[in-house]
Every structure is written in structure tokens, then in C-alpha cells.
Amino acid sequence: MWTESALRIVWVYPDLLSTYGDRGNLLVLAHRAGQRGLPVQTVEVRSHQPVPTQGDIYLLAGGEDAPQARAARRLAADGGLRRAVDRGAVVFAVCAGYQILGRSFVAQGRECAGLDLLDVSSDRGASRAVGELAGEVDPTLGLPMLSGFENHGGRTHLGAQARPLARVVVGVGNDGETEGAWSGRLLGTYAHGPALARNPDLADLLLEWATGQRLAPLDDVWSSRLRAERLAAVGVAEVEIPGPRRPEQVSAWRSSSTTPRTRPAAGRRRWRAVRRSPA
Amino acid sequence: MVLVSATNGKTTTTRLTAAALGVLGPVASNTFGANMPAGHVSALAQAGPTPYAVLEVDEHYLPHVTAATKPRVIALLNLSRDQLDRAKEVALLAALWRETLREQRVHVVANADDPMVVWAASVVEDVCWVAAGQRWLDDSWVCPECGGGIRREGSPGGAVWECVTCGLRRPEPHWRLDGDTVVAPDGARHRIELRLPGRVNRANAAIALAVAAHFGVRPTDAVPRLAQIRSVAGRYTLVERDGRAIRLLLAKNPAGWLEAFEMADPTTTLLSINARAPDGFDTSWLYDVDFSPLRDRPVLITGERAFDLGVRLGVNGVPFTHVPSFADGVAATRGRRLEVIANYTAFQQIRAELDRVD
């Protein structure tokens, strides 16, 4: 089933968790890896199939209440995703999938157990959060502004073991203050659907986590135009902060080496949001 | 009174049904897509007293309009994801239809190939099932009755479906499509020659014939009337502009785009995308559409959300050229033919530039 040298991207339960163009994240990751000459293998695992444990990146997407609760039960019973995470696999989870990674979430009016892989828990907000979402990403990750579209009724509370992915500038995210969460190589967000299309640097971060390789920049002219247009539409611009760049630790390709490699001092760039009046 | 509702194809099917019922006498209809109560009132008032009416109904308004009009027939075509930042999710919409139909004494003409439609319609005793097809399957892998998995087999495209858990299954269709022939319940075969492109429009014609048959219209009388329709609310017809023959196709959601690619000729194609309120503010659906059928032709993109489309086509490996406007797209067309596929408000803007072609 697996090609040993390929980067293995697993989309978990597209039959249950797939709304709003969620396939986009799989397509974007495969496309960006392919452009770097990395061989890629994508696998879509339906909910009656076992989740393979040997994947490099796992994707969990959005879904309605009943399929969300079903997906959480199946994943807990299956155990494959947990074993993959124990191996050091990367997980990128969106909306309902993000909630499933946490300790608990609410679906169909009931509290449901999550997978307890990420130290968050979710409940219901007073109103549905729908619209553009923008946030300043945790500087540790060295990413430009998060830009996305959110559509969720849940609110998510972070425990001590999870860090917010971003500080909300526009929109609601977890609770109006923070958006998403990350811990180790698990990253969750309310930027739904094809979040990685608008955030190619985030896509590359996931690829770098999975491969341990520093990736060459790509010609991102269309996503740059899209990001600038979307951020301008909500009255936000971003500026790069000058100054020294931070070194970062990246573990080696598929954890085959036990010695983490330190990134060259060039590190990632740093960014800051600037409020502007809406265009 | 006939109501027609669906995610896709309701305007065209309303037009076809009104044409078929026209065999019997004057028919009032909102043939231009104004499918909420204000549009219904306006269409009925303008038509004056007529023995028949066919109304296209926005899928969210079916309960309200059913209560207000007490229709004799309701035709239900399909349900799929559409403008999800504002619309009800597909399963909720199917449940809304089901509650609407429960305890109604109405004849329902419904698509046997869409599990969501079948589940909604099956609370009615008197259902005429039409095998109208379903090209887009990604909103019906989970049974609306029990949450079990839906298994598909057979052709075309897994048309025979069944829930593996509760046994909800495709009903035996009374009407079906065989190529360009509609097969009636009595086995009679009616060849239909539409001026509207695509298999989906032949399926819409089958629904129209089934509805009209309930009122006693013989398919042989209705078929010639269906063939007279050249365009529906600006769609399908060829328009001349600056020496080019331009055809407009409307595609509002993933299922609609799949149908549009099937209808479009392999020639220069302009795609235009907006994200205003009627379109939905969220463009995520672009990633539910596989644009690879367009790799073999020159592609131009425009619209207020052209950059979203540009990123999508890049990921999809479809080369394209961005043009600032529809007029620039016409100017950039090298050959004589231009196909235009646009979502709702982008379509209306282009239609206005072509002097409101209808």
C-alpha cells in the first residue's frame, strides 16, 4: 500500500468529515510538495476502514453534528490516529475535526468525548460564527497572518498544554480572543475548508514538520494577491518586522534520526498586523 | 398548482413543466427565477386567472409556499451543498422537506437517484419516481434516516444505492432516461430533442413530462413544446458580440459546475466568480469542483473573486489568463466561440452586459 520514499498524506473519513471544500487542504499539500519534487502519496480513509498508522500528515476536516460524533467514536475505537501521533505524525484539523482532537465537544446537544490528543475542549457559543477570520499567528511558528473563513457554532477553550494558533484580529475563532491551537505537531483551526489555500506558509510549515526539510519558496503570486485582497477587505494589512530571525528546531525526516536538527540562523520571517480602515 | 424545488435545475425544470402543461391551457409561472414568495405573488398577479400555475420554489421556502398554495403536485429534483455559509446544511434541508410533506395530500414527482430527495419524499403515499440521475455524490454518502453508509453500484455512476444499515434504498423508478429517450411508466419511448444542452436537461424534461402526465398530458403532445425552448433566464442560448458567438452557463455550486462542464463545448472558456450575498460569501466550494476537464482549452478568469479561482486553478494544474472584465475576456478570445460559466451574481452582471439576454 505504501511507497517507502513518498510523503504520505492521509485524509481521515472524507465520508463523514467533508464539507465546504475540505479536499482543498489535501490538494494544496500534495501540490506544494510535488512542486518541490517530493513524491507524494495521498490516501482517503473512509470510516469503515482502519486508519493507517504510517502516514506523515493526517487531515481531519469539518462536518455536521451527527457525522462528527460518529467520526470521534470510530477514531477512538480504531486507535490508528493515536498511534500515528505517538509516532510523531503531523495532524492538521479543521472545525469539527479540530474539536475532535480535543478532550470533549458538543454535538446534537450532547457532550461527546474527543480523542484527547490536544489540550482543548469545546462547547457551544451563543451564536454561530460566520465570516472572514484573520489572526496574528503565534510568533513561535514564524508565519504571516492567518486568513480564512469561519463557519461554526462551537467555542473552544485551551488548556495549559495547548498554545493558541493565533490572536484574533477579525472574526471569532476559539472565543473572540484566540483562534485555533497547536501542540507538538498537531495543529487545529476554525479557518474552515481549504484553509491552506489562503495560507501557503502554513501548508509549508506542515510539510517541513513532516519532512524535516527546509523547503524552497514557490511562486505564490496568486495566493499573495488573494491574501492581500482578503485582508484588505477586512481592513487589515501585514508588515514584516525587521530584525534578527530566529533559529528553529526541526526534527529530521520521518524521525529516523534521534538528533533534532537546528535550523540555520536564517529562520522564519516575523510579521505584525496593522489595522486599516476597510477598503 | 405545481411547485418545483431543488438545489439545481429548478428554473429550467419549471420552464419545461410550464411548457408541457401548456398543452392544456394557459399556465402562470415565475419563469425567470424569482423563487421566493414575492416572486410568486408577482408572477401570479401578472398572469391573471389561469387554470394552471407552475412555481419554482427556493428550497428553504418549500414549507411556507406549500402551506400557502396547497399544490396538487410537488416536483423535487436534488439536494446538494450550496452557499453553505448561509444555507441550511443538506441533511437539515432534507429533514425540512420531509416535515413539510408529512401528512400532505399531494402528488410528489421525485428523483429516485438522490437519497436525500427519496428520504424526504417517502413520507408521501403518492410518489412518482423518476430516475433523473445524480452526478454529484459527495453529499449523500451518509443515510439521512439512520446515519449508516450508503452503498452505490451499477451505472451510470453508481445509480443504484442502498443504505447498508437501515435498508433505505433507491425506489424502482416509474420514468427513466435512456440516452435521449424518456421511457414512460407504460414502457412507451419518447425521443426528446432539446435545444438545451446536457444530460441533466434531458432528465429535467423527464420530470416535466411526469408532472404533466399527472394532469393528463400525453408525452407525445408535450415533447414538441419542450423542443421549442432555446434559453432559460439567459442561459444556454448563443449570443453574438464583437464577432464571437457566446453562450452563458450558470453554475452556482459543485454539482452545478459538474453539469456545466458536461454541457460546455471544448472551446475558449471564461470563468467568472463573485461572492456576494446571493452567491454565499464563502468560496471554499471551489475546491469541491474538479476543473481538470478545462485543461484542454484556453481558460480566462474574471469576476470579483477571480483570485480565489486563480489559486484553485493553479492547484488543479489548469493554465489560465486573468482578465479584468467580461469585455476584456471577449476581446482576448481568439476563436469565434466563447463559453462563459459564471456563478449567480457574476452571471447576472454578464447577462446585463449582453443587454439582458433571455
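Quick reminder: no glycine exception, Cβ is built from N, Cα and C everywhere.
Keep in mind that TrEMBL annotations are predicted by a computer and have not been checked by a curator.
Noted in TrEMBL for the protein shown:
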ACT_SITE  A:Cys95  active site, nucleophile
ACT_SITE  A:His192  active site
BINDING   A:Arg128  substrate binding site
COMPBIAS  A:266-279  compositional bias 'Basic residues'
DOMAIN    A:8-199  domain 'CobB/CobQ-like glutamine amidotransferase'
REGION    A:244-279  region 'Disordered'
Name, in the order they occur in the sequence, the residues of the same chain whose CB lies under 8 A from the CB of A:Arg128 (substrate binding site) and which sit 6 or more residues away. A:Asn151, A:His152, A:Gly153
Recorded positions near chain B, Cβ-Cβ under 8 Å, from A:Cys95, A:Arg128, A:His192: A:His192
If you average per-residue pLDDT over the domain 'CobB/CobQ-like glutamine amidotransferase' (A:8-199), what number do you get? 96
Using a Cβ-Cβ cut-off under 8 angstroms and a sequence gap of six or more, which residues of the chain neighbour A:His192 (active site)? A:Thr19, A:Tyr20, A:Asp22, A:Gly62, A:Val94, A:Cys95, A:Gly148, A:Phe149, A:Glu150, A:Asn151, A:His152
Secondary structure at A:Arg128 (substrate binding site), reduced by DSSP to three states: strand
Just how many other Cβ atoms lie inside 10 Å of the Cβ on the residue listed as 'active site, nucleophile'? 27
